[in-house]
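Scroll down for the structure; my scribbles are underneath it.
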Amino acid sequence: MSDVTGNHREGAFQRAFAFAAGTPAIATLFGCVVLLVAGQSIAPGFASLGQIAGQLNVAAILALVAAGQGIVILSGREGIDLSVGATMTLAALLAGNTMNGQDGGIAPALLAALAAGGFVGLLNGLGITVLRIPPLVMTLGMAGVITGLLIVVTQGQSSGSTAPSWAAFVTRPFLFGLPGVLFLWLLIIVLIEAGLRYTRFGINLYAVGSNDFAARLAGISVGWTRILAYVACGAFAGLAGAVLLGYTGNIFLGSGEQYILPGVIAVVLGGTSLAGGKGNYVGTAAGAFFLTLLTSFLTILSVAPAQRQIIFGVILIGFMLLYGREKATR
Amino acid sequence: MSDAVLDIPSRNRTRRSRSFWRKPWLLSAVLLVVFIGINILIQPRFFSAYALGNIITTMLPWMLIAVGQTYVIFGGSIDLSLGAIVSLVNVVVVVLITALGGGPGAMVLGMVAGLLLGTLCGALNGFLISAFRLQAIVTTFATSIIYGGAALVVLPQAGGSLPTEYFTVYSEGFFGLTLPIYLLVALILVAAFVATTRYQKHLLATGGNRQAAFQTGLPVRRIVMGAHAIAGFMSAVAALCILGVAGAGDPLMGQAFTLGSVSAVVLGGTALAGGWGSVTGSIIGAAILALINNIIFFSGIDYIYQAIVQGGIILAALAAGVFASRRQK
C-alpha cells in the first residue's frame, strides 16, 4: 500500500512539474521570480514593492503591443504585424498633438490614437486577406509608408505633449500605490481572456488559426476574422502609443521601433505558437513582464551594454529551448 | 472519344505555356525593365560604364544576402540575423587584418576567417532551428541580438581602417572591369549551378512539405541547417564586399540588410512559406530595390519625402508581384 501511495505522490509531483514546464505562463512567471530573487541579492531593493510596480508600469506598454501581436499570431497563416512600432509612433504623435498639454484633450486624443491604429490595422488586414500579400511583407511595407508619412508631416521634429492628468494616470500612484495604467492593463487582461474564450470572434479566431480550411467549411468568415485580428492589433498598438506618450511625455520618430520584436518575443515566451491557433494572453502578459525584468536585471549587473546585449540574446534562446519547441516531424 | 484525343495535345500545349508563365521571376523581370526605363529617363547617362559599375557595386551586397536568404526561405525557414552577421564579419575582418599587420597574408587570413565566421554563425542558427525545432523568426532575432552585441564588443564604434590595397583591388579589378562585376557573374553562375543540384531539389521539397520530405527519407534537419550555413557564408561575402567600398569597420552597418533581403526575395516571386521560388528572382529583386533607391536619389525628391516614396513604391511593387503570382497559381 505504502508503495502505491509513494508512487502516487511521485506521480503527482511529476505531473505538477510537467504541468509547470508545459504551461509557459507558469514557467515564465517562475523565471520572473528567479530574476527578482537574483536581482534582490545583487542590488537590495530590486524586489521591493515600489520597484516591482515600476517594472510592471514599463511592462504594461510592451504587454499592450504584445496583446495585439498575440491576436494576429493566433489568427494563423504566418500572421505577424511588424508595423506596430510605426503605428505606436503615429498614434502617440496624434494623441500628443490632440492633447497638447491640455487635460480636456485626453478623451479625443485616446479616440484618435485607437482609430488611427485600427485604420492601419484595417489596411494591413485588407492587404493580407484580399491582396494576399504575406503578413511579414505587408506590415513591413506599411511600417515604411507610415514612417515616411510621419517624416513628411513632422519634418523630423518631435511635436505635441501629454496632458498632465494622462501622464499622472500612467506614471503616478492612483490606487493602492499603483498607477492607473496597471488597472487598465488588468482590465485588458480580463477582457481579452474573456473575449478569446466566450465571444464569437475569439472562438472563430482559434478555429481560423488552427485550420482555416476547416473553419471555412464550418461557415466561419475566415477573411473577416483575420481582418478583425489586424484591426484589433492596430488598435492595441495605438493604445500602447498613447500610454508611451503618457510615460515619456513627448514622442520622437522611431519611439515605437523598440517594441516591435520584443512584442513578438513576449508572445512566444507566453506560449503562443507562431503557427497560430494556440495560446492565450495571460502567458503573453507574463512574457512582457519577464522581458522587462530581464532588461533591468541586466542593467544592474555592472556589465557593458554590448555584453549585456549578448547575455540577453543567450537567455532568450535558453527560454525558447525550454518550451518554444515545435512538434517533431514524424 | 474524339474530344478526349483532341484534348491531349492542346492540354499539353497549355501546360507548357503555363509552366513558362509560372516562372517565379517573370513578374520581377517585368518590374526590372520598368525601373530600368524610369532610371534611363531621369538619369540619361545610366548606361555609361561608370554609372553601371557604380550601381552594380551598390547592388552586389544586397544580391548576395538576398540569394542567401532565398535558400533559407526555400527550406521553409527565415533568417533575421543576416544583417547582424554582416556587421560581425565586417568588424572582425577589419580588426583581424589590422592586428595581423595589414600585409597581403594578413588580408587573406582575415578574409578566410571572416568567411568561416559568417558560415558558422549561419550554421548555428540552422542548428538551433532544426535540431531543437525552434521557431525561425524569434530564434534568429535572438541570435541577431547576440551577433550584434558581439560586433559591438569587437569594435565599439565605427572605425579602424584597411590597407589601401584592399579597396583598390576591389574597385579597380582586372582587365578594365571592376571586381564586383566578376563577383556578380560568379554569383549568377554559382546560383545556376546550385539550381541543377539535387540539394536544391531536396531543399525545395523540405520547404514545400517538411513531413513528406522527412517520410521520403530526406535528412531535413541537415538540409535546413545547410541552407542557413549558405546564407551565413553569403552574408560574410557581402560583408567583405562592403569593406571593399567603405574601407573601415562599422558594427551597425548590417542592420538594413536583414529586412531588405526579405523584401528582395518576395519581390523576386519566391513564396515566403517555402518550397517555391527562384534565386534569379531574388537577384532581380535586389536589383529592383537598388534601382528604386537610385531613382529616388536622382529624381531630386526632397529629402523628407524620400522615405515615404521609397516605402510606397516597394509596397506597390510587392502588391503587384503577389497579386500577379496569385493569378498564375
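Just so you know, glycine gets a Cβ as well, placed from its N, Cα and C.
TrEMBL does not curate its annotations; it predicts them automatically.
TrEMBL has this to say about the protein:
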TRANSMEM  B:25-42  transmembrane segment
TRANSMEM  B:48-68  transmembrane segment
TRANSMEM  B:80-100  transmembrane segment
TRANSMEM  B:106-129  transmembrane segment
TRANSMEM  B:136-154  transmembrane segment
TRANSMEM  B:174-195  transmembrane segment
TRANSMEM  B:223-246  transmembrane segment
TRANSMEM  B:252-272  transmembrane segment
TRANSMEM  B:279-297  transmembrane segment
TRANSMEM  B:303-324  transmembrane segment
* Asked: With the transmembrane segment (B:136-154) as the reference, which stretch in B:48-68, B:174-195, B:223-246, B:252-272 has the largest tally of C-beta pairs below 8 Å?
  -> B:252-272
* Go through the chain and flag residues at least 6 beyond the ends of the transmembrane segment (B:106-129) whose CB is under 8 A from any CB in it; none is fine as an answer. => 68, 77, 79, 81-82, 85, 88-89, 92-94, 96-97, 100, 135-136, 139-140, 143, 147, 162-163, 165-166, 224-237, 239-240
* To do: Could you tell me whether the transmembrane segment (B:279-297) and the transmembrane segment (B:223-246) are in contact, taking contact to mean 3+ Cβ pairs under 8 Å with a sequence separation of 6 or more?
  => no
